[in-house]
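See below for the structure under consideration.
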Amino acid sequence: MADDPHKTIYVLNGPNLNLLGTREPETYGHATLADVERLCVETATRFGLVAECRQSNHEGVLVDCVHEARVKGVAGIILNAGAYSHTSIALHDALMGVKIPTVEVHISNIHARESFRHHSFTAKAAFASICGFGIDGYRLAITGLAAKIGATTDTKTDITAQA
């Protein structure tokens, strides 16, 4: 399955998300980036998808990942650009340029925080934005992306059926 790019989704995490579990746990919780990646891989697998998870503190690396997704023909992108969501026109332009279905994710509710976090450039390039659900937002994002791209799951393992 990993050889089929049309079954692959990229899960891209931006700056400081490597510090999950220790950075501001009152805001971001105690789950680590490894926990997030495990959740994404497990959720994607339920839909017959392969989640390829990456994290970078560097804007250009994230832009390169978006470009690579187009070249490889991946099915979709889950993006938590962290603070770059609020500042990066480069990420916005990259997402607009590749035309790959994208869901923006934020662990915290960015609209209930500082005013500078209320605006997201990357959200304008995504078909959906999910915030405030903790790391469960990644599961919700993959579920929504799977529906958007027509990936299906067996009802015995369907995470939405278990809710």
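Positions of Cβ are set from backbone N, Cα and C atoms, glycine also.
Database features (Swiss-Prot):
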type: SITE; residues: Arg23; note: site 'Transition state stabilizer'
type: ACT_SITE; residues: Tyr28; note: active site, proton acceptor
type: BINDING; residues: Asn80, His86, Asp93, Ile107, Ser108, Arg117; note: substrate binding site
type: ACT_SITE; residues: His106; note: active site, proton donor
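Location within the structure of each feature annotated in Swiss-Prot.
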residue	record	Cβ neighbours (10 Å)
Arg23	site 'Transition state stabilizer'	11
Tyr28	active site, proton acceptor	19
Asn80	substrate binding site	26
His86	substrate binding site	17
Asp93	substrate binding site	14
His106	active site, proton donor	24
Ile107	substrate binding site	24
Ser108	substrate binding site	18
Show me the subset of Arg23, Tyr28, His106 whose Cα is within 10 Å of Asp93 (substrate binding site); these are the recorded positions I mean.
none
Need the DSSP three-state call for Tyr28 (active site, proton acceptor) to compare against my parser.
helix
I'd like to confirm something. Which of the recorded positions, Arg23, Tyr28, His106, has a Cα closest to the Cα of Asn80 (substrate binding site)?
His106
Just the number: how many Å between the Cα atoms of His106 (active site, proton donor) and Arg23 (site 'Transition state stabilizer')?
15
Can you tell me whether DSSP puts His106 (active site, proton donor) in helix, strand or coil?
strand
Mapped DSSP class for Asn80 (substrate binding site), helix or strand or coil:
strand
Three-state secondary structure of Asp93 (substrate binding site) from DSSP?
helix
